[in-house]
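Record features, source Swiss-Prot:
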- 1-56: domain 'ClpX-type ZB' (DOMAIN)
- C15, C18, C37, C40: Zn(2+) binding site (BINDING)
- P118, T119, G120, S121, G122, K123, T124, L125: ATP binding site (BINDING)
Amino acid sequence: MSKSGNGNGDKVLYCSFCGKSQHEVKKLIAGPSVFVCDECVELCNDIIREETHETHEETEARLPTPKEISNFLDEYVIGQQHAKKVLSVAVYNHYKRLQHKSEDGVELGKSNILLIGPTGSGKTLLAQTLARILNVPFAMADATTLTEAGYVGEDVENIIQKLLQKCDYDVDKAQQGIVYIDEIDKISRKSDNPSITRDVSGEGVQQALLKLIEGTVASVPPQGGRKHPQQEFLQVDTSNILFICGGAFAGLDKVIRERSDKSSIGFSAQLKSKKSSNDEASKVLGQLESDDLIKYGLIPEFVGRLPVVTTLQELDEAALIDILTRPKNALTKQFQSLFKMEGSELEFRDEALIAIAKKALERKMGARGLRSILENILLDTMYDLPSLEGVNKIVIDESVVNGLSKPILIYEQDEKKSASGSKD
């Protein structure tokens with residue numbers, strides 16, 4: 001749209017949408033027989049952004065089913081099928097409880113989770129992967145660093161601060177997050193009898209965690225912490241935060257055996273004891289009861305706040321080999337991607353994978369030991385490779401894993417020679 005101006009042949013242009021002249025706006029963009037001003041462009045952008053945000057929120061609101069959660073866990077975590085099933089159902093019920101507030105007056109309790117399993121069995125990875133599929137903030141804490149308020153160490157409220165940091169201090173998001181507390185077995189009290197002296201890193205921490213896990217309004221310093229004391233503390237309601245606690249609980253199988261042995265008396269008790277002593281620890285853990293955890297050193301109130309308990313099996317050689325190769329972000333795939341950036345292909349032979357798994361089993365580190373083994377094997381190659389030219393492939397075999405030889409480097413000219421030789 002245009003209009004004659006001052007009679008000198010100048011034309012005043014107008015926005016085809018809002019009708020404002022070129023003098024009333026900052027910018028007028030021309031199209032085929034139409035004009036649009038910068039204000040209308042900004043308005044259109046706002047409308048599109050708002051609609052996109054609403055669509056995104058609708059997508060996020062859809063809660064995956066337990067089977068979908070378990071299938072997603074399968075992509076990243078090898079084995080532990082029973083633990084995956086228990087976690088999938090518990091997490092689904094927890095977030096379903098948040099989405100559908102009870103209309104019949106029945107209050108649904110929160111089902112926090114306790115994961116029991118040896119080091120490197122996948123406890124932390126399961127919790128991290130759950131947070132990823134649900135697209136909620138996730139924070140990790142180490143129970144061994146926690147102390148009662150007023151003592152040297154981390155207060156339990158610091159856990160909530162970590163969760164807030166993960167979501168840019170959005171309180172609403174944090175209140176629906178997941179917190180994983182590792183090494184929870186390390187805060188077991190030192191004896192069955194309540195101690196007269198303060199146990200600030202054991203029973204004291206359990207007492208401090210009680211309300212936080214059950215649900216309370218925690219006061220957390222805002223962004224910047226104590227540097228700005230005049231700022232008001234953020235109030236975070238923890239009643240909808242899902243707490244997952246994990247620990248190795250070394251020796252718990254002995255506690256279970258002792259209880260089961262006492263269930264019989266006389267000659268039959270001795271027979272049962274002999275039989276149970278030959279059982280694998282993982283099978284014994286399947287008979288776990290709440291009293292066993294209390295006997296181990298967790299206070300009854302704390303055990304009561306963790307109603308969902310599941311055990312993870314110790315990983316065998318086959319599972320460790322699968323962990324090296326099968327998941328989306330498998331360790332071998334990560335290193336292959338790293339070497340690809342240098343223009344080289346990294347190949348692990350089957351016997352090398354078996355040798356790596358055996359080393360991890362010897363170290364009793366489970367899946368956690370795999371990365372350090374691979375780092376040691378590939379250290380020299382990663383050091384030299386950026387300085388070398390024409391290396392097409394690096395091959396890792398059993399002798400390399402056992403330190404008897406160096407990785408096999410295949411150069412570009414070697415491949416060309418072998419290719420021409422095969423033609424002849």
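Every residue gets a Cβ built from N, Cα and C, even glycine.
Here the features listed in Swiss-Prot are painted onto the structure.
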residue : record              : Cβ contacts under 8 Å, 6 or more apart
C18     : Zn(2+) binding site : C37, E39, C40
P118    : ATP binding site    : A248, L312, E314, K364, G366
T119    : ATP binding site    : A248, K364, M365, G366, R368
G120    : ATP binding site    : L315, A360, M365, G366, A367, R368, G369
S121    : ATP binding site    : Q80, L312, Q313, E314, L315, G366, A367
G122    : ATP binding site    : V77, I78, G79, Q80, A83, L312, L315, G366, A367
L125    : ATP binding site    : Y76, V77, A367
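The Cβ of K123 (ATP binding site) lies under 8 Å from the Cβ of L115, G117, D182, G246, G247, L312, each on the same chain and at least six residues away in sequence. On its own chain, T124 (ATP binding site) has M140, Y180, D182, G246 as residues at least 6 apart in sequence with a Cβ closer than 8 Å to its own Cβ. What surrounds the Zn(2+) site, by Cβ distance within 8 Å of the Cβ centroid and not counting C15, C18, C37, C40, is the set S16, F17, G19, K20, V25, L28, F35, V36, D38, E39, V41 from the same chain. The ATP site is set by P118, T119, G120, S121, G122, K123, T124, L125; from the centre of their CB atoms, other residues of the chain with a CB within 8 Å are G117, G246, L312, G366, A367, R368.
Between the listed binding-site residues, namely C15, C37, C40, the fewest other CB atoms within 10 angstroms of a CB are found at C40. DSSP assigns C37 (Zn(2+) binding site) to a strand segment in the three-state reduction. Secondary structure from DSSP puts T124 (ATP binding site) in a helix.
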